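Undergrad: This is the structure I want to talk about, given as structure tokens.
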Amino acid sequence: MAARWCFALLLALSAAAAGAGAKRTWEPVIRMPGEVVEEEVATVPRGSEGTEEEEKDGVGTRWAVLVAGSSGYGNYRHQADVCHAYQILRKGGLKEENIVVFMYDDIANNILNPRPGVIVNHPQGEDVYAGVPKDYTGDEVTAKNFYAVLLGNKTAVTGGSRKVIDSKPNDHIFIFYSDHGGPGVLGMPNLPYLYAADFMKVLQEKHASNTYAKMVIYVEACESGSIFEGLMPEDLNIYVTTASNAEESSWGTYCPGMEPSPPSEYITCLGDLYSVSWMEDSETHNLKEESIKKQYEVVKKRTSDMNSYGAGSHVMEYGDRTFKDDKLYLYQGFDPANAEVKNKLSWEGPKAAVNQRDADLLFLWRRYELLHDKSEEKLKALREISDTVMHRKLLDSSVDLVGKLLFGFGNGPSVLQAVRPSGQPLVDDWDCLKRMVRIFESHCGPLTQYGMKHMRAFANICNNGISGASMKEASIATCSSHNSGRWSSLVQGYSA
């Protein structure tokens with residue numbers, strides 16, 4: 001039954017995507033890493049261009065932190081986004097030593113990857129994986145390491161290259177984060193998640209250290225606006241844009257069965273809508289002429305599904321907006337090949353996309369479809385789909401029942417789903433939020449990257465003054481009969 005439900009859902013998603021607009025005209029502009037145009041060699045030798053530009057424009061050093069906060073082949077798009085961003089920054093003159101990359105690194109050589117050792121971020125795109133440094137991979141991709149890197153604290157880093165943002169007062173910093181998210185949290189492949197209040201403390205500490213002039217942050221995740229809503233100060237010299245507001249999904253794109261579709265051998269989405277929007281804009285414009293404000297407007301329009309929001313989200317701004325007229329080269333560098341570039345990228349009308357959480361199911365179903373009938377692998381894939389769908393439904397019903405036990409069967413759902421007015425943070429007591437999440441996970445199993453969407457429910461439990469003892473009692477009553485198995489928090493870990 002669960003598998004049939006999943007099939008119907010995915011069929012509906014594919015059908016909706018099929019009618020999503022006219023065909024894109026794409027003129028490839030991504031070159032293989034190491035493939036250099038002759039004019040670039042003559043004008044700005046690779047490896048020295050960053051220093052020369054910094055000396056000329058007096059902006060200090062450009063630094064970047066790139067984070068893919070997921071793992072697994074079904075999340076291919078997040079690492080593809082980050083690898084693509086790395087290639088853009090390198091072509092823009094940022095030196096490898098000034099770019100820190102976080103990615104689990106389980107995609108390029110994954111057994112499911114039809115092009116071993118290659119990652120692409122567009123249906124006609126070139127490899128974006130070659131040359132990307134393995135700064136922090138596998139178990140090293142953690143919120144703790146991310147904070148330490150941003151603060152330039154080598155002693156707090158565990159494993160990895162130990163590369164950190166050792167920035168100075170005149171330097172500019174660019175951060176790009178691509179992953180799943182939920183109200184108040186961003187995912188990490190190794191728990192715990194990144195919590196908004198913790199991230200704000202790190203940004204404030206970075207500002208207090210007087211080790212940068214300005215910072216720009218781009219975040220791709222569901223409910224990513226909730227990381228900054230009501231929390232992001234305007235006096236830190238930090239400008240932020242997010243793929244979505246505080247209460248909606250962000251969107252995957254270049255997905256199987258959609259238009260434009262990846263090559264037929266791919267069974268997963270190649271990119272995320274907000275992410276590819278800013279990157280395809282950056283690599284097809286002269287970034288000494290294009291401003292932060294202009295890119296925001298372009299990305300906002302494309303990510304909104306041409307202002308229809310049918311298969312799109314609201315790109316948001318937070319923080320200090322006084323320097324939106326700054327040119328993008330101050331943060332992303334400048335590629336001489338784009339000095340006289342005209343916009344090579346043409347996209348007319350709405351394009352197909354799938355929300356981040358359904359993209360995971362889409363991958364599982366496409367994998368199932370391609371396996372040989374009656375094979376053990378196909379049966380195993382079907383069981384995984386059924387297990388995943390049933391666990392999602394169990395999570396949803398468990399959170400719902402906890403709310404009903406705490407607030408009454410009539411009021412529970414509305415209390416858990418309540419959205420605070422714009423300008424207010426998700427929760428007043430972030431430590432309470434973490435406690436409530438741990439109590440729930442101790443008795444009902446981990447939230448998983450899907451269950452992150454329920455963070456608002458736990459925040460509202462805190463906002464309504466529920467005690468830890470009452471939360472524990474409700475969680476036990478709800479989940480005492482559950483057989484968690486591989487979904488147990490003892491196996492998966494705790495997200496708080």
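Backbone N, Cα and C define each Cβ position, glycine as well.
Checked Swiss-Prot, it gives:
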ACT_SITE  His180  active site
ACT_SITE  Cys222  active site, nucleophile
DISULFID  Cys255-Cys269  disulfide bond
DISULFID  Cys432-Cys462  disulfide bond
DISULFID  Cys444-Cys479  disulfide bond
CARBOHYD  Asn153  N-linked glycosylation site
SIGNAL    1-22  signal peptide
Undergrad: Can you tell me the three-state DSSP label for Cys269 (disulfide bond)?
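TA: It is coil.
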Undergrad: Sequence gap of 6 or more, C-beta under 8 Å: which same-chain residues meet both conditions with respect to the residue listed as 'active site'?
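TA: The answer is Gly69, Ser70, Asn75, Leu186, Gly187, Ala221, Cys222, Gln356, Arg357, Gln449, Met452.
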Undergrad: Do me a favour and check the Cα-Cα span between Asn153 (N-linked glycosylation site) and Cys444 (disulfide bond); whole Å is fine.
TA: 36
Undergrad: Of all the disulfide-bonded residues given, namely Cys432, Cys444, Cys462, Cys479, which is spatially nearest to Cys269 (disulfide bond) at the Cα level?
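TA: Checking each of Cys432, Cys444, Cys462, Cys479 against Cys269 (disulfide bond), the shortest Cα distance is to Cys444.
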Undergrad: Round to a whole number and give the Cα-to-Cα distance in Å for the pair Cys432 (disulfide bond) and Cys444 (disulfide bond).
TA: 18
Undergrad: Counting Cβ neighbours within 10 Å across all chains shown, tell me which of the recorded positions Cys222, Cys444, Cys462 comes out on top.
TA: Cys222
Undergrad: Determine the Cβ neighbour count for Cys479 (disulfide bond): the number of other Cβ atoms within 10 Å of its Cβ.
TA: 19
Undergrad: Return the count of C-beta atoms lying within 10 angstroms of the C-beta of Cys269 (disulfide bond), excluding that atom itself.
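TA: Taking every protein chain into account, the count is 29.
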Undergrad: Measure the Cβ-based neighbour count of the residue listed as 'N-linked glycosylation site', defined as the other Cβ atoms within 10 Å of its Cβ.
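TA: Excluding its own Cβ, the number within 10 Å is 14.
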Undergrad: For the C-alpha pair, I'd like the distance in angstrom between Cys462 (disulfide bond) and Cys444 (disulfide bond), rounded off.
TA: 18
Undergrad: I need the least crowded one of these disulfide-bonded residues (Cys255, Cys432), counting other C-beta atoms within 10 angstroms of each C-beta.
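TA: Relative to the other disulfide-bonded residues in Cys255, Cys432, Cys432 has the fewest Cβ atoms within 10 Å.
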